[in-house]
Amino acid sequence: MQTHQYDVVIVGAGGAGMRAALESSSRARTAVISKLYPTRSHTGAAQGGMCAALANVEEDNWEWHTFDTVKGGDYLVDQDAAEVMAKEAIDAVLDLEKMGLPFNRTPEGKIDQRRFGGHTRDHGKAPVRRSCYAADRTGHMILQTLYQQCVKQDVEFFNEFYVLDVVLTHDLTRGPVPADEQVAVSGVVAYELATGEIHVFRAKAVVFATGGAGKIYKTTSNAHTLTGDGMAVALRRGIPLEDMEFFQFHPTGLAGLGILLSEAARGEGGILRNSEGERFMERYAPTIKDLAPRDMVARAMANEVREGRGCGPNKDYVLLDLTHLEPAHIDAKLPDITEFARTYLGVEPYTEPVPVYPTAHYAMGGIPTTIDGEVLRTNTDVVAGLYAAGEVACVSVHGSNRLGTNSLLDINVFGKRAGIAAAAYATTAPLHEMPEDASAPIVGYIERLRDHAAGERIADIRRDLQETMDRNAQVFRTAASLEAARDDIVELKKRYRSASVQDKGRRYNTDLMEGIELGFLLDLAEIVVAGALAREESRGGHFREDFPTRDDERFMLHTMAYLRPDDSPGGSRVDLDYKPVTVTRYQPMERKY
Ligand SMILES: Cc1cc2nc3c(=O)[nH]c(=O)nc-3n(C[C@H](O)[C@H](O)[C@H](O)COP(=O)(O)OP(=O)(O)OC[C@H]3O[C@@H](n4cnc5c(N)ncnc54)[C@H](O)[C@@H]3O)c2cc1C
């Protein structure tokens, strides 16, 4: 075992982690720990854009952006946070421009902007051009740009290190600690992939920036590595997760595969059609049609399929039609995603419409934080020194449904804020005691998983989890489907306890790490389903067929879910609490487009 000591440790080297590192490393001794090489983080897969009311192409302002974000999130957004994000968006884009990010330009040389779902002028009158982009490789450019700056600034990276535990001064798993006691972070425990060695990092401040958890589903746009590690690590230490029942299903995954075709395709003029060739979104969102927010478009697509207007031999997808666009325009603005259609489906987008169906895409929920990224351990109390930013966190700026291009924005705005706040805290805070045996719980867990002689395979349990989540907790949900998912998860947790990994070695044991990631996925799926079952209403990304309308009276509240170990068959139970939504300027209205 090796021990390290830093002022600030940042866990994750995607957009949020590296944006935080740029701020923190110039102010305090900082290390970044990442299970992937930084440039392999999922931020690099983001395609369509990052929005800010620059008004470079047409009239716009941050207040309209705030309104769109609040309405898009079906009023579950904390409005103070959305306002911060929309205001700071402009500097966030300009910061990246100054770092050298090659944005597409207008003929006058300004940063070009394009349309995206739910972004409108003057409170919903018409779509507005708000998303800044670099072809359909915006995330790739952001990640490379931030990495270059980190290298220039000599940021210290620990790559292919998996953080598997966080050490706090108090045990929060048995229930709340009195508000007057200061609970603080002492550091994290990590596993080095190359050697199998355990590393303990003591730190005054820790920032979690570990990204999303799309792998709880089978059909997903998310990379294999998006297993919600940071969320689950915090959860297991008694920290609640907020609004996890809200998962975004992106309308245009390649049918049968889930690989994403960016909403930019519709922003540039693409149209969704059913088997009758009808532009069906005209019926669901007469004003902004194909550019309605994702939850509405995904539901409309699933509904067309259910009502028998799906396409293909099994009538199980709809079509994204780009054939009316000029090939030169497609090549200039959507080169990568049209290549995906050719490579993975053998479809030529110049002349043929592309088969698409909703795919699990984005976790609106996560570790609850303040607008400075401080992690909440109850509705109001924070864990001193612990921060979270990016998709792992819930600020909450996305409420129950995130607007396209608001995530690349979120990671830049709140990554920066968390980096500044963590470094400021670390300059005055003490280093907290770390017990000698801080790594013992996770070492025991790893050894048990490795030592089981002949248990069930990890991949089989993961497949069964993903299948039940796709079947029972997807775009449409009911009490019956969610109860089925809940019961399946209990069974899967039992099976997981006696699972084994085939590779018993120490070096580069990815089999073992996938075993640990499956444990994270099971805990998170349990939280998603418990929150969804209790939320007897439909709002944003969460649609209950047995409660098809929004119920502000009972549910204009954030869910705060705690995982408590117990001796039930699954080994844990979920305790749910609720927290009011911060409303500043916009009173909830019915959401129409
Ligand atoms: C295909 C696709 C396209 C998208 N397109 C857009 C878009 O156009 N616009 C938009 O706004 N949003 C888009 N999104 C969403 C957006 O890209 C993500 O929400 C965002 O990039 C997440 O950034 P992040 O920094 O929080 O996490 P990531 O970029 O996912 O980074 C997570 C980091 O955490 C590290 N990590 C994870 N677990 C551990 C662990 N246990 N120990 C150590 N390190 C760990 C990883 O190594 C990685 O470095 C898209 C998402 C996908 C999947």
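Backbone N, Cα and C define each Cβ position, glycine as well.
Because TrEMBL annotations are produced automatically, they should be read as predictions rather than curated entries.
The structure displayed is predicted, hence computed values, not measured ones.
Marked as active site, proton acceptor by TrEMBL: Arg294. Spatially close to Arg294 (active site, proton acceptor) yet at least six residues away along the chain are Gly117, Gly118, Gln248, Phe249, His250, Pro251, Glu263, His361, Asn401, Arg402, Leu403, Gly404, Gly541, judged by Cβ distances under 8 angstroms.
As annotated by TrEMBL, FAD binding site applies to 12-17, 34-49, Asp229, Glu391, 407-408. Ala16 (FAD binding site) falls within a helical segment according to DSSP.
Within 10 Å of the C-beta of Ser262 (substrate binding site) we count 28 further C-beta atoms, all protein chains included. The substrate binding site annotation in TrEMBL covers His250, Ser262, His361, Arg402.
Per TrEMBL, the feature domain 'FAD-dependent oxidoreductase 2 FAD-binding' maps to 7-408.
Among the features that TrEMBL reports, tele-8alpha-FAD histidine is placed at His42. The number of other Cβ atoms within 10 Å of the Cβ belonging to His42 (tele-8alpha-FAD histidine), over all protein chains shown, comes to 21.
A 10 Å cutoff on Cβ-Cβ distances gives Leu36 (FAD binding site) a total of 19 other Cβ atoms nearby, all chains included. Around the Cβ of Arg40 (FAD binding site), 17 further Cβ atoms fall within 10 Å across all displayed protein chains. Distance noted between the C-alpha atoms of Gly12 (FAD binding site) and His42 (tele-8alpha-FAD histidine) is 11 Å.
Ligand 1 lies within reach of Gly12, Ala16 from the recorded positions Gly12, Ala16, Gly44, His250, Arg294, Arg402, judged by a C-beta closer than 6 angstroms to any of its atoms. Across the domain 'FAD-dependent oxidoreductase 2 FAD-binding' (7-408), mean pLDDT in this model comes to 96.
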